[in-house]
Amino acid sequence: MTVPELPPLPPSVRGGAAAFDGLPYPLPPKWQVHAAKRTATWLVVFGATATFALGAFAVWAAARGDLVGTIVWAFFFAAIGLVTGIAYERSGDEKALPAMINAIALSRAEVRPADSWIHFFSRSGPGRWQTAFFTTAGCGGSVMFAWASALAVMKAPWALIATIPLLLGCLVVVIASVMAVWLRWRHSSFGRRPIGISLGRHGLVYYYVDGVDEWPWESIARVRPSVTAVDESTGDFAPGLIIEPAAGAENDANDYSLGGYQSHAWLIYTAVRYWSEHPDARGELSTTFAQRRIEGWRDAMRAQRFPPVRL
């Protein structure tokens with residue numbers, strides 16, 4: 001692979017000037033910088049208590065040979081466990097800066113990266129409590145499904161049809177628990193290629209669970225924000241970043257989720273859009289100057305506090 005020649009540093013960097021711009025872009029509509037309202041403690045305690053109570057009811061019904069009761073209680077056990085785990089996820093008030101690292105840490109060392117040093121915005125792994133709820137619901141639901149299936153076979157083979165709703169519900173919870181455990185493992189060290197977005201002089205790279213999207217700066221025509229699932233009561237929201245390709249680009253337009261990152265979505269959006277729209281400033285990427293610029297944006301964003309959005 002031939003790595004293109006690096007562009008020269010802009011005059012401000014070569015001269016050592018530290019004249020940072022203010023915030024180049026306003027907070028996108030319906031986005032927020034304050035912390036989302038956390039789930040009330042009593043609701044979490046209630047959810048945890050309900051989860052274990054429903055599990056106990058399912059075991060009690062199975063021990064009595066009650067097929068219908070086992071299926072119903074086990075289904076609600078898995079569902080409440082999943083919902084309680086999801087309640088821990090909130091967006092807003094993230095404060096971390098991107099890590100400035102050697103790009104080889106995010107590769108398998110098979111091909112030389114286009115950029116030696118990059119600014120990496122890392123996505124957060126699932127929390128330990130969320131993972132615990134998912135795993136408990138997934139394992140418990142699977143055991144109860146096996147128990148219910150055994151009861152159905154003993155009573156009448158046709159009764160296995162009644163276990164289909166429980167099977168579908170358990171599959172959802174098991175997949176969620178497996179993904180949570182795997183993502184926590186993936187984010188435990190850089191040697192395991194965490195999920196996130198990197199910026200370098202040659203472009204942007206989006207790291208998926210099982211692959212990457214590479215966007216050379218010249219292939220990006222436009223960057224704009226998106227938002228879904230704004231919760232009016234809590235202030236939680238699901239931000240996104242839409243990248244539109246230039247003519248002749250290999251990639252298609254894509255809406256990348258910015259939820260769950262260690263850095264605020266506004267900071268990631270600002271960084272990507274700024275260097276996509278300012279080719280003359282890309283020479284400062286992969287240097288501490290760009291890192292300080294991002295830090296300046298972060299500090300300016302933290303100084304702003306907007307009231308919760310009411311749609």
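Any Cβ shown, glycine's included, is placed from N, Cα and C.
Listed in TrEMBL:
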TRANSMEM  40-61  transmembrane segment
TRANSMEM  67-88  transmembrane segment
TRANSMEM  132-152  transmembrane segment
TRANSMEM  158-183  transmembrane segment
Checklist outcome for this item: Long-range Cβ contacts under 8 Å made by the transmembrane segment (132-152), restricted to residues 6 or more beyond its ends, are 48, 51, 55, 58-59, 62, 65, 67, 70-71, 73-74, 77-78, 80-82, 84-85, 88, 126, 159-160, 162-163, 166-167, 169-170, 173-174, 176-178, 180-181
Checklist outcome for this item: Given the transmembrane segment (67-88), its same-chain partners at Cβ distance under 8 Å and 6+ residues beyond its ends are 39, 43-44, 47-48, 50-51, 54-55, 57-58, 61, 127, 129-134, 136-138, 140-141, 144-145, 147-148, 151-152, 155, 159, 162-163, 165-166, 169-170, 172-173, 176, 180
